[in-house]
Amino acid sequence: MSNKEVKAALKSARDAIRNKEYKEALKHCKAVLKQEKNNYNAWVFIGLAAAELEQPDQAKGAYKKAIELEPNQLLAWQGLANLYEKPNQTDVKGDLADVYQKLLELYESGDKQKWCDVCNKLVELYHQEKKYLEVAETLQKLIKMKQDEGAEKAELHQLWKKMIHLLKDSTRNQDNKTGQLLLAAFEQALLSADTVPGDDHQNLCKDFIECLSRFPHEVARLEKACHDMVALYPTESYPLEVLCLHFVQSGTLSEEALDCFSRLLEMDANSGPGIIGFGIKCLKENKYKEAVKNLTEGLQKTNQCPAAWHYLAEAQMKIHEHKNAVLSCNKALEALGTPEGPNLRWKNLALQLKAETLIKIADADAAEEAIEALELIVDGSNDPVVSALRGQAYLNKGLMDQASKISQELLLSHPDLAEAHALEGFIHYSQKNYEQAEKSFLNAIERKAGTAEYHQYLGLTYWFMSDETKKDKGKALTQFLKAAKLDSYLGSAFCYLGNYYRDIAGDKSRARGCYKKAFELDETDEESGTAAVNLSVELGDMDTALSILNEVTAKARPGTAKWAWLHRGLYYLRTGQPSQAVADLQAALRADPKDSNCWESLGEAYMNRGSYSTALKSFRKASELNPGLVYSIYRAAALEQILGKYENAIATYQQILKKTENYVPALKG
């Protein structure tokens, strides 16, 4: 086949392809290749025809042969790109990206429009493959090409926005370089916006700030972006909200942060971040109840703020709402997820605070949970304060040996650590070694005088050490007063002050005030509540006694607060109000159905009301529970007599006289 015949065969192949006669085209090409096995065009035409005949492997082989022959010729590369772009071609995306890269190289010095088309295709391909760095770098090349060609500002703006759109949802998986390219795209888009201020620009500002808030190390850039947006859009609360949350999460309470909280609340009094900020300010000013109120309200509106949950737990801990504080710590840990960088610090703080709170709850289950929390603190084994907490948790769990081991190790390695001496004190106190406990708590106070708990335990040590130290004003009383002054929410300190004034000083009025304060701080403290009521009765102040009892019974769930129901029931019984007495004594029995004295009092109330049959049942129940209650047996006999059951009454009287020969009411009966 001569050169002329080869050209004719190639022309025939081209015409056959144009007419969609692909098999015919293949015949012509094969004839050419018999004569010239390295004919570039013949291999390209075979690739084209085979692709149309759904023979992808043959097509791919033909194009690759052509490329091998002429690596810088366009046709084979274009054909291979078209082949790989077909829907039935799978697992070729990596190869297609390489083809596009070669086409960019070949088009670069020639057809700029085709170069841009291939560039856009490559960007789309990388995006499908989640290769975000390649997306960013390819788009950057496209934008540079457009800039060199003198493209309009509006076209460049759209390209920067396209880069943002393709990259912004990927910040969680991004490497630092991709992140920086995304942030640069935002900055360029903002610079190239047409109308400033304007809706498009405002939305971009918001998106930029939202994106920056996902980069923990871009603090300066975030603050600048927020301040820039505030300056341009002074009525928009969003940048101030982000700034407030940033200050909250950073753990700093600078003048700038306080100013930010105030400005936001002026703009929107219901703003979650603003209310959270105000709550933290209250916490720092020791206004703990106000802090709890504001932080709780703020977190109802903005709940994904780990630092705010931690601050709420801290405030709840200060007012001894221990169970609520544990729940808040759990919320902080839930919001943190699996943290890195600055958030790891918050995780450690939340775990430590949770453990401290659980130790205050002081039961074995809480102690176990505290130990688990302490185990999760990163590098906690190297922190002596964490070790001291672990020792307290072991002590609460009854593991004395482990607690003692930690105490001894800490005293050797950190002799100046207050927590080490306090742990030793708690161990001695639990073993009733009061003289050693005294030394330990004095050592702890010497190193950390502002801790109410140390003074409280030193006071308790003196209280139980001896009558002499209990009565010595400079011992127990002084320590309880110091504890109450340092922590005005420490109910147990006020309870023991009440014990001192009642039992040692004989000052009923002052004792009543202390018990009342202790009970107001902790409504589960029945000892203080009962003492406050009894002392009010002794002082002739029934109004105060009743106001305490009414408050408790109003809040009590069924089956709880027995002491309050019983006290009020007995008051109604004494003051001739039997119906009210019946209702209250029944409520007391729901809390403790086995209290024989309560059944006896209920029988008395029914009898005073004239409900003799029910009274009889109550007295019988009382004597069943406690056969030694002679009065209940006598009352049962008297009621049988009233109801005309004479034989039963005689038998019951005789039963009493067998036990107590000279029981006059039974003899009379």
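Just so you know, glycine gets a Cβ as well, placed from its N, Cα and C.
Per TrEMBL, the feature coiled coil maps to 3-39.
Tertiary proximity for the repeat 'TPR' (40-73) is limited to same-chain residues at least six positions away from its ends with a CB under 8 Å from its CB atoms, namely 10, 13-14, 16-17, 20, 22-23, 25-26, 28-30, 32-33, 79-80, 82-83, 86, 88-89, 106. Feature annotation from TrEMBL assigns repeat 'TPR' to 40-73 (among others).
Here TrEMBL flags 562-595 (among others) as repeat 'TPR'. Residues 526, 529-530, 533, 537, 542, 545-546, 548-550, 552-553, 556, 601-602, 604-606, 608-609, 611, 625 of the same chain lie 6 or more positions beyond the ends of the repeat 'TPR' (562-595) yet place their CB under 8 Å from a CB of it.
In the predicted structure, the repeat 'TPR' (596-629) carries a mean pLDDT of 88. Residues annotated as repeat 'TPR' in TrEMBL: 596-629 (among others).
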DSSP-derived helix, strand and coil totals, residue by residue, for the repeat 'TPR' (562-595): 27 helix, 0 strand, 7 coil
